[in-house]
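Student: Below is one structure. I have some questions about it.
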Amino acid sequence: MEVAGSTRKPFQQTEINWDKLDKTRFYVVGAGIFTGLTVALYPISVIKTRMQVATNNAAKESAFSVVRGLVRNDGIPGLYRGFGTVITGAVPARIIFLTALETTKVTAFKMIEPFKLSEPVQAAIANGVAGMLASLCSQSVFVPIDIVSQRLMVQGYSGHASYNGGLDVARKVLKSEGIRGLYRGFSLSVLTYSPSSAVWWASYGSSQRFIWSKLLDNGTEHGGPAPSQGKIVSVQAAGGIIAGATASCITTPLDTIKTRLQVMGHDKRPTARQVIKQLIAEDGWTGFYRGLGPRFVSMSAWGTSMILAYEYLKRLCAVNE
């Protein structure tokens with residue numbers, strides 16, 4: 001990690017660039033950390049997905065009703081349907097995402113530096129571009145994993161088919177729809193996750209810069225000691241919460257359409273237009289925000305936990321010079 005210099009501002013003193021990381025350690029330790037986070041937060045994704053695809057009377061169920069039904073029928077394992085599939089695909093997808101994110105962020109900062117923009121604006125642009133490109137690069141792995149895991153999440157619920165594990169899902173999808181079936185909703189996934197990732201990382205980067213600008217004191221600004229670890233973690237956590245809240249509110253409608261498109265229509269595949277019409281017919285425009293509560297909690301909790309773990313991971317893997 002770079003040592004604070006006489007002209008470095010607090011946020012600069014807390015950041016570790018890609019070229020300062022031990023890449024092997026970063027990938028190995030990161031796989032373990034993010035697997036642990038996925039274990040903790042996965043049930044929220046199951047609840048959110050079930051709420052988004054519910055039809056008829058089931059569409060009126062609250063998040064608590066969904067949890068009660070899952071635990072009553074399947075016990076705690078019901079909250080982890082599709083988990084094995086997600087973990088199997090998450091490691092390579094995460095490696096692709098983080099590599100693209102860090103390398104693009106460094107390049108983007110260099111490209112916009114000559115424009116002399118304010119630090120929050122620079123951070124929003126560089127982080128946003130990096131987040132979007134990283135998401136685009138990782139979707140080729142994430143989408144098939146989404147297809148399989150989401151079908152396992154909702155199997156037997158609200159009229160959906162049942163399966164004997166992730167391989168059974170993949171086999172049946174390939175048999176009925178071919179390889180294209182594993183990429184159902186790919187364009188909507190790109191339209192959902194890429195802007196969501198861009199908004200999340202842009203909000204995180206700019207909010208950090210804004211918060212630091214309000215916390216600056218004369219001693220730190222003019223070459224004093226670097227901020228304490230407690231202050232660094234607090235600012236990073238606040239940035240994660242703001243980013244999660246912003247991204248969830250903006251992208252939930254597209255996520256709802258994408259999820260229903262990927263898991264509904266066992267015999268006849270619905271189009272995006274048909275999914276939209278059905279949502280409006282069932283719930284009006286509020287139908288597009290089904291699962292907003294769990295998605296808001298998921299993105300805020302996941303975002304905050306992820307960014308704190310991610311920043312901690314970078315500190316662990318920093319190369320001392």
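For all residues, glycine too, the Cβ spot is worked out from N, Cα and C.
From TrEMBL, here are the annotated features:
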- 23-107: repeat 'Solcar' (REPEAT)
- 26-44: transmembrane segment (TRANSMEM)
- 122-210: repeat 'Solcar' (REPEAT)
- 231-316: repeat 'Solcar' (REPEAT)
Student: Tell me, what is the mean pLDDT of the repeat 'Solcar' (23-107)?
Tutor: 85
Student: Per DSSP, what is the helix/strand/coil residue tally across the repeat 'Solcar' (23-107)?
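Tutor: Output for the repeat 'Solcar' (23-107) reads 78 helix, 0 strand, 7 coil.
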